[in-house]
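S.K.: Sharing the feature lines straight out of Swiss-Prot:
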ACT_SITE  ASP928  active site, proton acceptor
BINDING   VAL811, GLY812, ARG813, GLY814, GLY815, PHE816, GLY817, ILE818, VAL819, LYS833  ATP binding site
DOMAIN    51-353  domain 'GP-PDE 1'
DOMAIN    369-670  domain 'GP-PDE 2'
DOMAIN    805-1094  domain 'Protein kinase'
CARBOHYD  ASN106  N-linked glycosylation site
CARBOHYD  ASN195  N-linked glycosylation site
CARBOHYD  ASN260  N-linked glycosylation site
CARBOHYD  ASN318  N-linked glycosylation site
CARBOHYD  ASN335  N-linked glycosylation site
CARBOHYD  ASN362  N-linked glycosylation site
CARBOHYD  ASN422  N-linked glycosylation site
CARBOHYD  ASN433  N-linked glycosylation site
CARBOHYD  ASN497  N-linked glycosylation site
CARBOHYD  ASN557  N-linked glycosylation site
CARBOHYD  ASN573  N-linked glycosylation site
CARBOHYD  ASN656  N-linked glycosylation site
SIGNAL    1-35  signal peptide
TOPO_DOM  773-1118  topological domain 'Cytoplasmic'
Amino acid sequence: MNSQQSTRTKQMLQQSSTHLLCGVVLLQLFAAQVDAQRSTSPWQTLSGDAPLVIARGGFSGLFPDSSLAAYQFAMVVSVADVVLWCDVQLTKDGHGICFPDLNLANASNSEEVYPNRQKSYPVNGVTTKGWFPIDFSLTELQKVLFSLIRGILSRSGKFDENGYSISTVQNVATQMKPALFWLNVQHDEFYEQHNLSMSSFLLSTSRTVSIDFISSPEVNFFRKIAGGFGNNGPSFVFQFMGKEDFEPTTNRTYGSILSNLSFVKTFASGILVPKSYILPLDDKQYLLPHTSLVQDAHKAGLKLYASGFANDVDIAYNYSWDPVSEYLSFVDNGNFSVDGMLSDFPLTASASVDCFSHIGRNATKQVDFLVISKNGASGEYPGCTKLAYEKAIKDGSDVIDCPVQMSSDGIPFCSSSIDLVNSTTVGQTHLRNRSIIVPEISSVAGIFTFSLTWHEIQSLTPAISNPFRENGMSRNPNERNSGNLISLYEFLNLAKNSTSLSGILISLENVVYLREKKGLDVVKVVLNRLTETGYIVGTLKVMIQSTTRLVLVDFKNQSTYKTVYKIKETIGNITDSAIEDIKKFANAVVINKASVFPNSDSFLTGQTTNVLERLQKFQLPVYVELFQNEFVSQPFDFFADETVEINAYIFGAGINGTITEFPYTAARYKRNRCLGREEVPPYMLPVNPGGVLTLISTSSLPPAQDPNPIFTHDDVTEPPLPPVIAKSPTSTLGTPSTIAKPLRNFLKVIRIVSWSVAGVVLFLVLLTLVFCFHRKRETRLRQQKLKALIPLEHYTYAQVKRITKSFAEVVGRGGFGIVYKGTLSDGRVVAVKVLKDTKGNGEDFINEVATMSRTSHLNIVSLLGFCSEGSKRAIIYEFLENGSLDKFILGKTSVNMDWTALYRIALGVAHGLEYLHHSCKTRIVHFDIKPQNVLLDDSFCPKVSDFGLAKLCEKKESILSMLDTRGTIGYIAPEMISRVYGNVSHKSDVYSYGMLVLEIIGARNKEKANQACASNTSSMYFPEWVYRDLESCKSGRHIEDGINSEEDELAKKMTLVGLWCIQPSPVDRPAMNRVVEMMEGSLEALEVPPRPVLQQIPISNLHESSILSEDVSVYTEG
């Protein structure tokens, strides 16, 4: 920054604390500030001008909404005519403040400062609790301890301790001096009911403040202020809410008003609508065809502004988590352009309008670097499939990559992982029994490529990677299993036939293991394939990448292909000797993003790392990985915008190439017109690493971290490659060279054979005797071990027969055995579950029983004994007269339970699961929670039973390694079906519990549920019906007719808990201890969960490849 800018900044520091903050912003985040240059491209707006960028509450995507810091930052990083948006609220003494919500608690610390000032008021006909500005004076709201905080909890809370104060409308206008100022009045009628006049405030404010826009969702408000501002007054914009919501002053729905835009034109010059009014989404979050609303508004002479833009919220899957693509779809689609966009991230909106609009795929490139795909366009299709590679080529990749793996029969192919579980649905197929642990590769069991033939691999279904599934972010679910894996030969031909690619990158890992253990020479195979497909001479550059130095040396010695050395570790520096060594065998280097910009707690630290500079000094190009569009992959410094991140690494750091799962985003950046200007606008200047941290209060700073290690010559040194082992030859039958033999040789052979036969017979007799002795001894020792291990009665199989009177009375059947009624010698009636005959030594069964024998809880069925005799196994537990829960909720008994009884049962089951998950010495995950496995005693106290599918795990283990699918269809958690849904853990039981609770609710409302589902020709998803029924209760009606308020509260609480438990992503589900708190807490404390999404479960595959429990009662009598 030049001396004049530094002087100007110092002056700002002396003016006020607010200007101090903004001066730091200017110093730390951006290298310069220049006026944006408007594009001269034609626009399809009403005026023909570029769409307005409207900053909602300033830059509210980073700073607390409506803080002076948010407003000034928006002005610094946006287009010159950015519109500052202020949601106007009135204090009890009539002052207008900028605050985003009628309830102060939603974006301030009012609850902490004024804990006893909560009140209830009717707002649009709904009684609402909160802290309202009409109960506070401006002085009270501007006291030192009162401050603004984030209103959206998923955003960083680091700025909550900065003490940003509430500002008046006049304060924002005079301090910020915005080019355009927009005041939004959301609740005029509410203030009028409390003797506060919003219209009077605005009219008096307009005498000292320049107001350019006034918006409101209330028709009468515009009638009151009509004519009050004169001919040169602000533009009036009518704001539309949800189409089914009622406009409070006309009692008409906004949807009905939308159909009469000529009526709106009588009092407004523009309309503000949610973006879904223009580009609606289907139930799966995909775009539907655009509506004609923009064209209709323009025909009526109305400008149309769109709201709801934010980089860190869910957007249509069509945009591939790229916010720039979303903005462009509203302003540059060839059909229409909105007149403005209301955004929490005005920097991205500014860049979209000014830098990326109206540029085609063939536009001039403003910057040169390599766009290298990662497993093709693997952010949009399953990686390494033909579809992913074709998409990567179409999207503008310069280089496509193939991570080479080897099949057992020596066929090289492209796959993102040597473990097929990570990239396909092999775990759901009959091939899951190929699972092994290879310590040289991973400590986790997997199904490795070298264990399957190429024919078997070709039969597998690929699976899209979902690295942020636990954050609730999925990738293109419609295509999650599309495409087919391709061989290296097919990959090479696909690339060769492309006219746009400049090269290919082939990555090789695990080469040493494959040579030494499997006899597979990957280097030789790859070289042969390259030769066969004509890559010896050609225009495409071939790059060979590996983390193993000697693999690259081997290629160097046998070919002229370029080699790329990948440094796996995150490093903070690199020595000259290490670089000199690398340069001997590599032409380029790959490092990760943190080796360029270190970060801590999702913020760039600003620590100096000169790794990139040092490598480039030795003439080594540096490619950086991994670039992903999902905002959770990026530090907060990049404002949840992948384009900002790419800009920092290309324009800021100067890397030579990006390795990305979303090639389109990186390729589009090359055509960024703003980079070709003499003065680059502020929204395209690279952020300065560590700049955002300087704006955070000391108390909220992340802990200091040790510097990343230095990469030295020793890190490059490796032992020599082992020789390729010879594969075992296939045995063949030989043919004697002659048939004629001397007679004596024939007799000699006869004698040898005779003695050999006799010896074999004697050996077998001795072996049988030893085996019998050993087996008896082993059985005796095993019985002694069992008695010491399990503190339960150990019954013989003969005793089990006597207890059950030779299995006379069947009381239930399950997927793993039959339940009989029996009587012990002391007269106690018991249930005896006899498991189906099993092979093996039964260690899993013994471990399960041993652990369960040490459990004791009111809501867990009590084990009384067991039998383990050879393949005969049985469990003996208490007999419960009322049988299983399903009888009562499915109407198989005359007993009709009320909501209180059902609530107690649901709560009891929750307590039981909480005990299994959080109170046992070793956590037990049940995996088969359903009404049939909940038994009821004579007091209807529930007890969780049937642990046939249970799995034990240490409490510290949050993720379970499983290759089979366990449970009952309808209750199985999505992550049990495929890893693309998330990881299997104790949260899988939470999902099953949620379905159990919802089934209880559905049973109580059976007639209503049947009517709703029958009326939907697409067979309504059951949780969807529950959710809709819950929504209909917001109006005040009970969730079931004929019940009292207490029962209605219990029913609604169960509904909310059930819906939270069945969230598709495990991370969004509460743990069972939290479920118990929710069930026992107040209804008011529960938030409404997101709407459940229908998951299509491949049932046919489940039956083929899973451990499924039959959906039958544990007890059929009682």
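The backbone N, Cα and C atoms fix where each Cβ goes, glycine too.
Quick one: where do these features end up spatially?
M.R.: Residue density at ASP928 (active site, proton acceptor): 26 other Cβ atoms are found within 10 A of its Cβ, drawing on all protein chains shown.
For the recorded site, ARG813 (ATP binding site), the DSSP three-state label reads strand.
Its own atom aside, the Cβ of ASN106 (N-linked glycosylation site) has 16 Cβ atoms within 10 angstroms in the protein chains shown.
Around the Cβ of ASN195 (N-linked glycosylation site), 9 further Cβ atoms fall within 10 Å across all displayed protein chains.
Over all protein chains present, the Cβ of ASN260 (N-linked glycosylation site) has 11 other Cβ atoms lying within 10 Å.
Under the DSSP three-state reduction, ASN318 (N-linked glycosylation site) is assigned to helix.
Other C-beta atoms found within 10 angstroms of the C-beta of ASN335 (N-linked glycosylation site) number 10, with every protein chain shown included.
Long-range Cβ neighbours of ASN362 (N-linked glycosylation site) (same chain, at least 6 residues apart, Cβ-Cβ under 8 Å): none.
The Cβ of ASN433 (N-linked glycosylation site) has 11 other Cβ atoms within 10 Å, all protein chains considered.
Its Cβ placed at the centre, ASN497 (N-linked glycosylation site) has 9 other Cβ atoms within 10 Å. Annotation note: ASN497 (N-linked glycosylation site) sits in a coil segment as assigned by DSSP.
Reduced to three states, the DSSP call for ASN557 (N-linked glycosylation site) is helix. Listed in sequence order, there are no same-chain residues at least 6 apart in sequence whose CB falls under 8 Å from the CB of ASN557 (N-linked glycosylation site).
DSSP assigns ASN573 (N-linked glycosylation site) to a strand segment in the three-state reduction. Its own atom aside, the Cβ of ASN573 (N-linked glycosylation site) has 17 Cβ atoms within 10 angstroms in the protein chains shown.
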S.K.: Using C-alpha atoms only, work out the spacing between ASN335 (N-linked glycosylation site) and ASP928 (active site, proton acceptor) and round it to an integer in Å.
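M.R.: Their Cα atoms are separated by 53 Å.
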S.K.: Just give me the nearest neighbour of ASN497 (N-linked glycosylation site) among the glycosylation sites ASN195, ASN318, ASN573, Cα to Cα.
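M.R.: With Cα distances computed to ASN497 (N-linked glycosylation site), the winner among ASN195, ASN318, ASN573 is ASN318.
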S.K.: Averaged over the topological domain 'Cytoplasmic' (773-1118), what pLDDT does the predicted model reach?
M.R.: 74
S.K.: When the Cα-Cα distance from ASP928 (active site, proton acceptor) is computed for each of the glycosylation sites ASN260, ASN433, ASN656, which gives the smallest value?
M.R.: ASN433
S.K.: When you rank ASN106, ASN318, ASN573 by Cα distance to VAL819 (ATP binding site), which of the glycosylation sites ends up on top as the closest?
M.R.: ASN318
S.K.: Tell me whether VAL819 (ATP binding site) sits in a helix, a strand or coil according to DSSP.
M.R.: strand
S.K.: Taking Cα atoms as reference points, rank the recorded positions ASN106, ASN195, ARG813 by distance from ASN573 (N-linked glycosylation site) and give the first.
M.R.: ASN106
S.K.: Using C-alpha atoms only, work out the spacing between GLY817 (ATP binding site) and ASN433 (N-linked glycosylation site) and round it to an integer in Å.
M.R.: 23
S.K.: Which has the fewest other CB atoms in a 10 Å radius around its CB: VAL811, VAL819, the listed binding-site residues?
M.R.: VAL811
S.K.: Enter the number of other CB atoms within 10 angstroms of the CB of ASN422 (N-linked glycosylation site).
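M.R.: By my count, 18.
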S.K.: Let me know the DSSP-derived helix, strand or coil state of ASN422 (N-linked glycosylation site), please.
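M.R.: Its secondary structure by DSSP: helix.
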S.K.: When you measure from the Cβ of GLY817 (ATP binding site), how many other Cβ atoms are you left with inside 10 Å?
M.R.: 20
